[in-house]
Amino acid sequence: MERGMRLFSSLVLVLLLVTATEMGPKVAEARTCESQSHRFKGACLSDTNCASVCQTEGFPAGDCKGARRRCFCVKPC
């Protein structure tokens with residue numbers, strides 16, 4: 001009986017923790033739009049270099065992505 005009560009208490013505690021984390025304030029994540037850089041040449045090995053080129057194209061940021069290491073410029077949609 002004591003073991004069953006302990007198991008029940010543990011399950012209730014886990015249930016309360018799960019529901020409490022979902023009751024917090026909801027923050028809407030901004031969508032991001034990506035566009036392959038038109039000015040970046042060669043393999044993209046540095047996110048910093050990619051971001052610099054993307055800024056000249058009017059984007060606030062840029063990242064190297066994919067197996068072929070291409071520079072993608074990123075902005076909020």
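Using N, Cα and C of the backbone, Cβ positions are placed for all residues, glycine too.
Of the listed residues C33, C44, C44 is the one Swiss-Prot pairs with C64, by disulfide bond. Looking up C73 in Swiss-Prot gives a disulphide bond to a cysteine among C50, C54, C77, identified as C54. As annotated in Swiss-Prot, C71 shares a disulfide bond with C50, one of the listed residues C50, C77.
For the disulfide-bonded residues given as C44, C54, C71, C73, C77, the lowest number of other CB atoms within 10 Å of the residue's CB is seen at C77. Ranked by CA distance from C33 (disulfide bond), the disulfide-bonded residues C50, C54, C73 have C73 at the top as the closest.
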